[in-house]
Amino acid sequence: MLTEKVPVGVMSSVVAPEKPTSNTMGPKEVELILVKEQNGVQFTSTTLAAPNQNQANPSGEEERETWGKKIDFLLSVIGFAVDLANVWRFPYLCYKNGGGAFLVPYLFFMVIAGMPLFYMELALGQYNREGAAGVWKICPIFKGVGFTVILISLYVGFYYNVIISWALFYLFSSFTSELPWVHCNNTWNSPNCSDWADNSLASDIYKTTPAHEYFERAVLHIQDSNGIDDLGRPRWQLTSCLAVVIVLLYFSLWKGVKTSGKVVWITATMPYVVLTVLLLRGVTLPGAIDGIKAYLSVDFLKLCDAKVWIEAATQICFSLGVGFGVLIAFSSYNKFGNNCYRDAIITSSINSLTSFFSGFVVFSFLGYMSYKHKVDLDKVAIDGAGLVFVIYPEAIATLPGSSVWAVIFFIMLLTLGIDSAMGGMESVITGLIDEFKFLHKHRELFTLFIVVATFLISLFCVTNGGMYVFTLLDHFAAGTSILFGVLIEAIGIAWFYGVDRFSDDIEEMIGQRPGRYWRLCWKFVSPCLLLCMVVVSFATFNPPNYGPYMFPPWANMVGWCLAMSSMAMVPLYAIYKLCTNFNLSFFFLEQRLAYAITPETEHHLVDNGEVRQFTLQHWLVV
């Protein structure tokens, strides 16, 4: 109660001291007490008012924006994780590695590594409300891994946007009465082109199909290049398509999650509509059932092959999108009390189910192609870009109303690619503007800088020899380096920050402490699996190639430099952190290490000699 009197008939507004809340990260309520005195009698009324989300907090920084709706976040995560690889990679792996039997190692690694790592990244970003680099205020010496994943996402953007530009080129080419990849009588066709009319010719290794020549000779113009050292100028057609993609990305990202959260309502849902339509059409084609049977055929003997298990583990890591910093960036815009555990289970499950579902679509058409051309399924079952830009367009071209089906299919590829590209860009933008605070006020300009820089480097991939640059980037940009990044991330959180402390953070957010299963996976199972995968990745490395073309040694060196440039951020930043505490003598290495591995909010404990990481209990607790 306020005791100070105010003049008669005058109303005053007083702000009472801030009410304490358990969540220091979120907005706080203030109590407004209105006091009015009339004829010697005081009347009071009390209301609680929440401050504007965009106003400055006591530290002078603006409150972090949040998703407009919960569904915006879920669709963004699903849209990023469900990408082109779900269509062109998983179904082929399943078919090649024992059909339905492949689901055994796939689901096994999904449960012991995929979901735990997915959950870990969502919780890490949501609690700390920072991008991939800023979250490492919990253990500053590991901030280098944040820059590692930001660099990887940037590198992937250099060539991933090119795939979307190919899809856009095909989409424009589909608006015609007869698709251009049907016959061999076009100006770009070579004498080796075969219409599959003669099966003996079709089996000739020197013969190619119209669809194959359209992709390589009409779209890529690879026949005009002798290799990676003979790139030529950018093709204006693909450059124009790439520019359209960049413009779409910019206007989807320039205002942050408020705009990207609306775009994913289309880009994340459209693929499911198109996949369903294509499946309904595909199962009516002759030979479709045989293709689906081959996709699901069970060969448990394949499980005795270690390579099958390695490919399942690798597919899980890449399919879910951990290690790119995207999940951390997206979840950092969640409300503090959001149930990230439920989100992790839902979105990771949807991603895997989408991969499995897309296999029915793909193999119904592959079965049809096998039946139509009277060849074994192995002849048409391929993965990678050849599946979606050669085999599938060829199958669509044989259907009644082929132009309509082609338009539908390439719209699906566009939407699959756009939201994944948006996620990668958001990881870079959020990670850097959170680390360098002055960029917050210039997000639109900084976003423009990132997309333009990406466009300029991507131009190398739309030259005559651009496919060689694309292959080199695809091979080195996010292979071993992404596995290494996730490994260091898991070690930093579970061992140095502490799995018990991380569990406390999650309990503070959602009111429920992670079970022992999750804690064991974070501390032991996932790091051990990732370590094995990194070792195997180095041990089984094969130089890249494009068909018969083998890359020169200098190109492989450039590729390794690209991969090492991201991985090197971890030791380089750790050395920097140990050497830049000017308040300590260089010889006090123990104190420097203590500051580097202790959360920034607890540096005062280090001054008192209290360092949790220097106790045995910290390393043993689960």
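Glycine is treated like the rest: Cβ placed from N, Cα and C.
Only one of Cys139, Cys193 is recorded by TrEMBL as the disulfide partner of Cys184: Cys193.
The stretch in 73-91, 145-172, 265-289, 476-499, 553-576 that contributes the largest number of Cβ pairs under 8 Å to the transmembrane segment (103-124) is 476-499. The listed stretches are 145-172, 236-253, 265-289, 309-330, 520-541; of these, 309-330 has the most Cβ pairs under 8 Å to the transmembrane segment (73-91). The Cβ of Cys184 has fewer other Cβ atoms within 10 Å than any other of the recorded positions Cys184, Leu416. Across the fold, the C-alpha of Cys193 (disulfide bond) and the C-alpha of Leu416 (Na(+) binding site) stand 31 Å from each other. Under the criterion of 3 or more C-beta pairs below 8 Å, with sequence separation of 6 or more, the transmembrane segment (520-541) and the transmembrane segment (309-330) qualify as touching. For the pair formed by Ser319 (Na(+) binding site) and Cys184 (disulfide bond), distance between Cα atoms is given as 37 Å, rounded to the nearest Å.
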